[in-house]
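These come from Swiss-Prot:
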TRANSIT   1-54  transit peptide
BINDING   69-75, 97-99, Arg359, 385-387, 468-470  GTP binding site
BINDING   Asp70, Glu71, Gly72, Lys73, Asn95, Ala96, Gly97, His98, Thr187, Arg201, Asn278, Thr293, Arg357  IMP binding site
BINDING   Asp70, Gly97  Mg(2+) binding site
ACT_SITE  Asp70  active site, proton acceptor
ACT_SITE  His98  active site, proton donor
BINDING   Thr353, Thr354, Thr355, Gly356, Arg357, Pro358, Arg359  substrate binding site
Amino acid sequence: MATARVMVADRARAFGGTTATRARRDDQGRRVTIARGIPSRARVVVARASERAYAELGNVCAVLGSQWGDEGKGKLVDILAREYDVVARCQGGANAGHTIYDDNGKKYALHLVPSGILNENATCVVGNGVVVHLPGMFEEIDKLLQAGVDARGRMIVSDRAHLLFDLHKEIDGLREEELSGNKIGTTKRGIGPAYASKATRNGVRLGDIRDEERFATMLRALAADAAARFEGFQYDVEAEIVRYKEIAERIEPFIADTVEYINEAHDSGKKILVEGANATMLDLDFGTYPFVTSSNPALGGVCNGLGLAPRKFKTIIGVAKAYTTRVGAGPYPTELFGDVADKLRELGYEYGTTTGRPRRIGWLDMVALNYANLINGFTHLNITKLDVLSEMDELKIGVAYKLPNGKTTKSFPADIATLEKVETVYETLPGWKEDISKVRTWDDLPENAKKYVLRVEELAGVECKFIGVGPGRDAMVIKP
């Protein structure tokens, strides 16, 4: 019985619900409520809800962004990672910024290291679909170590993963300058050029770093190709080769055949959690092309980026903000301007984790969300930042588009010119004034907040199982 109480308390700490709380401000000025104290009746209720939620998820679970990124995937991954043996990244690179908080409210901004790194019992995997900037990865690893989090022995990187070099960043900037007035709005982290090297078959994979001579030859060829293509290209390839000799020694303990590792983990009954980067509406094939990322954040990219078969996935969680945001250029049907946009941006602190750029703000777009669900087949939804909508008199949800020809559609257009001209058809719902940042159970949410979540659930046809009500790890409501 004592053991059971300890398990309940431990699960409750992941999702909140305590007899006492203390509040502090994080380094961005946001209020973070931190749970403390002994298990209470409320905590037990939360713990039991979390146990039921865990039981539904199964051995292989993917957490994917369903909008334009920045939905809060890292927080859910960090929470769920306590129940999983393996936490894996499958695609993207350092253009994907994930912000997570530990039990003390300390913030960690991660770009390449999987969000499950705070779980001491989990092995973090960087899969073959990720493009890896090794100096940047080691910066993150070193910062984590300074904060008392040691990634050594707990993180492996695929020998098939392609390397992203500083020359790719240089190319990214030169390419953006070439586009002039038609800029994509790239993060200039070199992601697109790195994937281009992969596609044109002159990329360098992590496993190549083990052969010093071959690595040098491949990097020289890559630099020569870039110099021939871009007039203003500047890159000291010989200095980079010397630099990577030291990096090669340091990365060696992390290199592994992750395809074999993750499949053996699955076959032995271990639980695997996949952390998606970017989001479906930025998918190279399904997103608002060409205003997209250079990889496939949808479910297909998960399978390709890890070498894990589709039939092995039981749970696919789509993460969506209670409103929407977007960074960079591209069509955005529910975009808001003026006072409402400014208010939501400040309340939600909507600035890019990777770029620091102010995010564009919009109402929740169910046409886009249902499109993402169509592609991924979500089994559950995680609605995040519901607390940001507090204090609003009324809320709007985009439920359809009115096309330039006057017809109304609930399908997401592929044509960008059409998408830029659509008029959004909205439903209006009543808002709520209560502060919900300390709410930890469904029953304690204001009625109008419940109605909002239930309407999203109804429109999506998918259960909104997890509801984020604040930035802290404990600020999560599980819908019974």
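Glycine residues also receive a Cβ, built from the backbone N, Cα and C atoms like all the rest.
Keep in mind that what you see is a predicted model, and the values were worked out from it rather than measured.
Minimal Cβ crowding within 10 Å, among the binding-site residues Gly72, Gly97, Gly356, Pro358, is found at Gly356.
Proximity note: of the listed recorded positions (Gly97, His98, Asn278, Gly356, Pro358), His98 have a CA within 10 Å of the CA of Lys75 (GTP binding site), given in sequence order.
A Cα-Cα distance of 15 Å separates Thr99 (GTP binding site) from Arg359 (substrate binding site).
Remark: of the recorded positions Lys75, His98, Arg357, Arg359, the most isolated position is Arg357 (fewest other Cβ atoms within 10 Å of its Cβ). Reduced to three states, the DSSP call for Lys75 (GTP binding site) is helix. Residue pair Gly72 (GTP binding site) / the residue listed as 'active site, proton donor' shows a Cα separation of 7 Å. On the backbone, the CA of Asn95 (IMP binding site) and the CA of Gly356 (substrate binding site) stand 12 Å apart. Spatially close to Val469 (GTP binding site) yet at least six residues away along the chain are Leu386, Asp387, Ile436, Ser437, Lys438, Val439, Ala475, Met476, Val477, judged by Cβ distances under 8 angstroms. Sparsest Cβ environment among the binding-site residues Asn95, Thr99 (other Cβ atoms counted within 10 Å): Thr99.
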